[in-house]
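Chemist: Quick one: the structure is below, questions incoming.
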């Protein structure tokens, strides 16, 4: 019953998306007083409500473990803890696809409900574009990935959820990630709408900016959460591997970051119109390409969903229509968008153009590296592209970008002189050089981490410089946002470089009561005992670790055995200090009775994720700042209009 | 400015073509050995269980082509391929087995249950021979000619349709 | 005693469910080399060799038995004096470029290097064009 309701809601939502699309395009052609014009916004809103309802039904089915539904039977288990039952809703292809279309529907509903700053024609075109893309994905869901499909005979028990996914990370990572990169569909629709109506103006950028910021913040959180989850879950302390699916989430983020900056320039200076539109299209296109790569099975990944070439073909066709269509529209219309204001090289716009170019180059490299094995396989050659390629080649563009990021915010708009900020540049250069020399003298580390550390330190100070000489209480929130986000990048950079350069590892076979050491820690294996959980049994090590002679802390790493599905996972144990993390894993027992302990001391590794959260916080501050100032402007404008009306009435 | 606007579309079209082509290709995760055509590297393996002979690379250079079967008792597809190996043995193929990471008692149990088509079985506890000849999984079957040169690699379990193919390759290696 | 029994019981439940291997891992799969410089060289090499039985991991990050055997090979060979490049060559001779993550320029991988170079030139061209004539 519930499943049928969910399915019906989904069909209705799809029908409304079709209506939204048709109405939008018809009003474009016939003008705003067409018959269907008044239906567009309501259609979008009701569609959002319906698809959310459908998703809620699916969550319900998972919560009660309704084994007559195929999806629940193949991905859930009655003995799973409730939180994993619920988050298991999106731990599979169909469920996560429904999450995808729900976010699309909600985003469309939200724009329809809230956005009043765009000219009505552009708004209609935008909603029409959102309707088209939604329709495509509804079709995909309903025709080839129905989440509500019933089994002819209800299963006796579910197949269970992959143990690696039975973790709180599954509750955070996919939802925030999807809110992020499907949220970018708004930017895509805005860009297409603007192209269709040739309305690329500062107002358009001001309207688009908060939506991009919101999606970008969520995407940042999603990627950060995913990285931390992989770090503690996979048992080897790695936090990024340039895996195709990881790249699939990074590419939209890179495009969205560039879009964010570009839209700001368009909003305040009416420049970079073509760049902004292009990036708006590219950002969501990268999201869609990512979805394709992850679900079609053409790339090997540790992250792979249920792979199916038929579904892959469906998505590819959708991609062809949407991305191809948008890029075609861009190629045909972009040169009718007149160029916009001019600016000098030494100006904030100039620095942001440089930033755009560098981010786009990094995006291109990540795309190239990810797709390259696909290309060579067409010639029957298999190659592997991984961190040894992405790190150095990405650094070629990242390093200049970081240098410009340090001084760019200090430049004035339109035209400035480099020597005006000579002192700040000198300070930054001095800091970087000092850090470089000091670190290379005191420690023997590779070039990239060295550069990362030095630039991170310099950038941390440089990002605070825009606050110099300002009354801090009167500095706009948006500026605080920028400072926080740039500072977050510096913090994350220091964390990454530190982890890469200073991690110590110890693999030891230890008998019960025996001890070993790693870095400044002395570690004693006090004992190993069996424990049991709701759907697993494990051996748990009791490890006491003492930092440099301090009071010992007790950790309990586990090696778990699940039975539905049968799989073994390691649950690492972490001790977090201000200056790093101790990472402990217990392995198997050797024939002579000793236990395998894997220990890492990772100095400052948590800075990576704190940095990520700081970046997201910066985005939130900027978003709130802009929304508040926009509300203030609107109120002011309304008051001025009122007063003018009063004056005219009196006159 | 004009023509540059078309670059993203063309780049995307190239990606579309590549992806569409790849979707039509069967996805195989096999890593093929690059040692096909090379001589077997030197190795010597102890017997995998009591009552069989171990093997060494020198045993392959006696002029007689053989099949080298990489297998293990913990490998489920090996159970499926056991009858086909018996078939190959009945049709005159000399099959040498290399048991990967297997205890003698498990080897004995498996062979008692599923039959023993091997003339000799070597014990490879550290996957050294497997790595040395470029095999990346179990089961795999190699055709080695009379001079000890690897001539053909079959990845995966031997199915009924593979039996004539392997016999033909053995003939070619003569 | 009861602890051992409970543990044994847990093991008995766990074992048949996974058709896992029963042999212990290779000696140097989970054991570091004595010499720290050698261990560092081995670790750096292992991070750039691909685990053949995994979906997308280096042998330094994988618990698969074959990855353990490969780590054993790397460590014993480094201890015996071989250079990392020699060991990498040994593996690529058997499995092709697929087993190595280290980017090498060859007939099959030259675009991976040509394209970033192109991008540098392109970036320079875009920036020059934008700012070169108007100052």
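Glycine residues also receive a Cβ, built from the backbone N, Cα and C atoms like all the rest.
Just so you know, TrEMBL annotations are computer predictions that nobody has curated.
Predicted, not measured: the structure shown is a model, and the values here were computed from it.
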Chemist: Please identify the range among A:148-166, A:376-394, A:395-413 that TrEMBL labels transmembrane segment.
Modeler: A:395-413
Chemist: Return yes if the transmembrane segment (A:210-230) and the transmembrane segment (A:353-375) have at least 3 CB pairs under 8 Å (sequence gap of 6 or more), otherwise no.
Modeler: no
Chemist: Is the transmembrane segment (A:314-332) close to the transmembrane segment (A:353-375), in the sense of at least 3 CB pairs under 8 angstroms with a sequence gap of 6 or more?
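Modeler: Touching, no - the transmembrane segment (A:353-375) and the transmembrane segment (A:314-332) miss the threshold of 3 or more Cβ pairs under 8 Å.
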Chemist: In the same chain, who gets a Cβ under 8 Å from the transmembrane segment (A:314-332) while lying at least 6 residues past its ends?
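Modeler: Result: 132-133, 136-137, 139-140, 143-144, 188, 191-192, 195-196, 277-278, 281, 285, 288-289, 291-292, 295-296.
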Chemist: With Cβ-Cβ distances below 8 Å as the criterion, list the same-chain residues six or more beyond the ends of the transmembrane segment (A:40-63) that contact it, or say none.
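Modeler: Distant Cβ neighbours of the transmembrane segment (A:40-63) are 2-3, 5-7, 9-10, 12-13, 16-17, 19-20, 23-24, 27, 69, 71-72, 76, 82, 85-86, 88-89, 95, 98-99, 101-102, 104-113, 124, 127-128, 130-131, 134, 147-148.
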